[in-house]
Amino acid sequence: MTHLFYWILFYLDSVFVPGQTNPISASSCFLQGHFEPSFLANGHFMIGGLFPMHYRVEIKLYLILQCWCLFRFDPRAFRWAQAMRFAIEEINKNQNLLPNFTLGYKIYDSCATHVAAQRAVLGVLNGPEETQNAMCFAAAPLLAVIGDSGSSQSVVASNTLQPFRIPMISYFSTCSCLSDRKQYPTFFRVVPSDDFQVKAIAQLLQRFGWKWVGIVTEDDDYGRYALQGLLREFRNIGVCLAYYEMIPKVYDQKRIHEILRVMKQSTAKVVINFAGEGELYPLLKEYMDLNITGIQWIASEAWVTASVLASSYPFMVGTIGFAIRQGKVPGLKNYLLTVNPLRYPNHTMVQELWQHSGYLNTSNLRVTYNVYKAVYAIAHSLHNLINCEPGREPFQNSSCANTTNIYPWEVKFYTFLMLRLILYFLIDSCTPGSRKAVRRGEPLCCFDCVPCDDGKISNQTGVFRYTLSPSPLSRTECIPKAVEFLTHDAMGLTLTVISVVGACLTAAILLVFIRHRNTPIVRVNNSELSFFILLSLILCFLCALLFIGEPTVWSCMLRHTAFSITFSLCISCILGKTLVVLAAFTATRPGNNIMKWLGPKQQRVIIFACTLVQVLICSMWLIAAPPFPFKNTQYSRSKIILECSVGSDWAFWSVLGYIGLLACLCFVLAFLARKLPGNFNEAKYITFSILIFCAVWLAFIPAYVSSPGKFTVAVEIFAILASSFGLLLCLFAPKSYIILLKPQKNTKQHLMGKVIK
């Protein structure tokens, strides 16, 4: 690097006290006063730091700058400087980032003014040894600068660093003027431009309906460019400007009083202020002394979160503004505690520090977090530069950097890439619980924040990918899902009661039939088959209970097989009874001996054979692919549905299909016998019972497929109970009515239709 401090001579030749001989000749070059860095540490690569650790400066002869005294000390800015030291020391201990290399730093106090910032950046550029006799003859191996906070100071510092192509990363300079890449090609920042802030303030004014406002800014680029942006937005939303005042850089009580007089006399009670803490301090002091009230302040990001103002000026309560996004820096607070007078007994700033309380406040790290990110951006840029591969971007046409002689402009390119990533992921970011959706056809930095889908979370800012979550109730953290199954809740208890009532009612009818088994109405309807049907219906009602409760391996296998076998037994008995009824009335024809083929033994064989087919199907089902408990997380992302998977869809629909086949056969035979003579035609009741049975199970199929969660099981139970009640009532209610309430009709003559009225 060339020795690049020729403009120092300009300052030394042009600044002198009138009436005195300028002691500096054009050929001399020496340091004007002793100006040491606030903090210094050596390393393989040096990084400069500029922080406004004091509010004001006092200019003396020959640019001897001295920051003002104790009450002007800024503990918050001092914390920013310590965050830079902490980040560098953390990186130096990291074996995965810049291994075998260390970072050093030179941190200067820029005192929140242009002149002090100029002196600080020259101090950063100067060689490691600052002596009265040796200056301009050595250059530090400086690769980047972190700073400054104020936009005007950053303009000065960037212009100074630009000829050397040294990248500068600001943590707090928001002036939109610095976005001009042609004018400031080496300037970067980890904070959004004021273009975004003025748009947000305009929306705020529009939201509250404030149409008549005043503006007060500091007298520099930060204030002037903010004014331009606000006026541009005001034209779009119909807001009118009552007045515009600038706070002087050099304290002038008369001018301050003029500004306050305008504010007090104006009918505009909303004041937008773009100024730093240092510039705002004298205005607020006079504002408090004059006891001005009734002003609604809208603060810029430069002071809206300043704890010093909040604690010193309680009359500012109610001030609103847009703050920089906060972040967390693990371990920083413990590090801050190590910077104390015992460890640094001769450090003036440390002595000043421990008389202030804002230093240790790490609950809302905003600018501090920006400093931390800026240091890591430089470290990653260096790491990528050192570990580059020849022939790959961005070194397609050149070799990689020499690790013993890395130049700032080589770091600049990687810094630019790293900061683009930081800006994309961490400054204008989507909050946790949402993600970035890039707008089609627009640049990468243009995006919309959309809420995370159900069952997915994002617990970091700026993400564009999801993490699966057990529950959508929180889109920022995973919480346990609710487990759902048909249990003994209101629905489960209702179905249980209906099932038990159905079984008890069937058992009662069975007892009635057993007691009156010798009466004509029981005997003519084949008492043995009636008993079989009633017993199978009791089992059908009771098998519904197997579907209630938490699914287990055994309950899943038992519920489907028990249901299919009991219903097959019931329909087989009805089929046998239908055959007997049809054969009994056709046997009266001459030469018809069909009844000898449908005796009690043959009836039992028919029932056994039809039921055996279903038993075989169920056995193959249990052997090949038995039902099992299954946690369904696909249907609903808010809960886990614990259900019984059928194991084999083919087997499940086969058992239902076989029951349907038996029912259809019963229906056809009963339908053929519906017009047989007699007052009590059993075929009619069988026809109606099977018709209800088929209707229930045909309606079951779409309801079963479309019902969610535990309602799927409830639909299946309902189908079992409804079809069972249909069979019970159609087949046995008329008979029970005659047996219990109309015993005079329980005669053979009445049943055969031969009673003479």
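Including glycine, each Cβ sits where the backbone N, Cα and C put it.
Positions annotated as signal peptide by TrEMBL: 1-21. Per TrEMBL, the feature transmembrane segment maps to 490-514, 529-549, 561-585, 605-630, 650-673, 685-705, 711-733. If you look up TrEMBL, you'll see 491-755 marked as domain 'G-protein coupled receptors family 3 profile'.
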Between the stretches 529-549, 561-585, 650-673, 685-705, 711-733, which wins on the count of C-beta pairs under 8 angstroms to the transmembrane segment (605-630)? 561-585
Segment-level pLDDT (mean, integer) for the domain 'G-protein coupled receptors family 3 profile' (491-755): 83
The transmembrane segment (529-549) vs the transmembrane segment (650-673): 3 or more CB pairs under 8 Å: no
For the transmembrane segment (650-673) against the transmembrane segment (490-514), do we get 3 or more Cβ-Cβ pairs below 8 Å once near-sequence pairs (under 6 apart) are dropped? no
Residue list, the transmembrane segment (490-514) vs rest of chain: Cβ under 8 Å, 6 or more residues beyond ends. 522, 527, 530-531, 534-535, 537-538, 541-542, 544-545, 548-549, 710, 714, 717-718, 721, 724-725, 728, 732, 735-736, 739-740
